[in-house]
Amino acid sequence: MAAPGEALTPSSYITHHLTNLSTYKLGLVAEESSFWNVHIDSLFFSVLTGLIFLGVFRAVARKATAGVPGKLQCAVEMVVEFVDKNVKDTFHGRNPLIAPLALTIFCWVFLMNLMDLVPIDFLPYPAQHWLGIPYLKVVPSADVNITMAMALGVFALMIYYSIKVKGLGGFAKELALHPFNHWIMIPFNLLIEVVSLLAKPLSLGMRLFGNMFAGEVVFILCAAMLPWYLQWMGSLPWAIFHILVILIQSFVFMMLTIVYMSMAHEDNDH
């Protein structure tokens, strides 16, 4: 990495902005592939956005009034009603935790995605030159570790509720006797169902990561290839379009979570 004050080439600029601040980069672990190589910046901003979500909703809940609501209360109520409607339309089981889960996922993923609209050097530049932090990626959802961790969390809940609702035997029967209800087809059924099951968290996490990482790369390319006084010409049109991507990806992650929870609560044959 270039020292403070040293100009970066476009190639090194792009590489620098795609590098996480990790325990490996800080010399705390010996290998980059180590299990303990934590992406500190992704973890920090994911926790920060989560705390912002909790803080805003808690503040609104405490100050909620039956009279004329403020703008923030109206916005929060619109989000809650939007999520609640989608849960009622999609989830047909009985579980009071699904709506709060969907609300948390939608708002948290949205806030993490929203970090992609922060100007590329707005935080990394002062972090490097004033605080001595060599690398800083501010978009948690552009880190595959974060998106896959969330997807695996949803997957764990899916398995838990599948076994809880259907029983261990019912869950095993679902894997072994579908789509072909004959004992001789059990190996083939297991292969299909296990692959299908494992594909759910993989596609859930990689879809969000791929879209947000691609968006981040476009912003970095605009900043690397254009002089500073022309960067807005490339970044602004993409930022306007990217707002849709941010919303859509938050919605898709939430809806797939609801669908997976609904599938886990189905106590009947396909």
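We number each residue from 1, going along the chain as drawn.
Every residue gets a Cβ built from N, Cα and C, even glycine.
What Swiss-Prot records for this protein:
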TRANSMEM  37-57  transmembrane segment
TRANSMEM  98-118  transmembrane segment
TRANSMEM  143-163  transmembrane segment
TRANSMEM  208-228  transmembrane segment
TRANSMEM  239-259  transmembrane segment
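Within its own chain, the transmembrane segment (37-57) is flanked in space by residues 20-24, 26, 29, 31, 72, 76, 104, 107-108, 111-112, 114-115, 135-140, 143, 145-146, which lie at least six positions past its ends and keep a Cβ under 8 Å from the stretch.
The stretch from 98-118, 208-228, 239-259 that makes the most Cβ contacts under 8 Å with the transmembrane segment (143-163) is 208-228. For the transmembrane segment (239-259), the residues of the chain that approach it from at least six positions outside its boundaries are 83, 86-87, 90-91, 98, 101-102, 105-107, 109-110, 113-114, 116-117, 141, 150, 154, 204, 207-208, 211-212, 215, 218-219, judged by C-beta separation under 8 angstroms.
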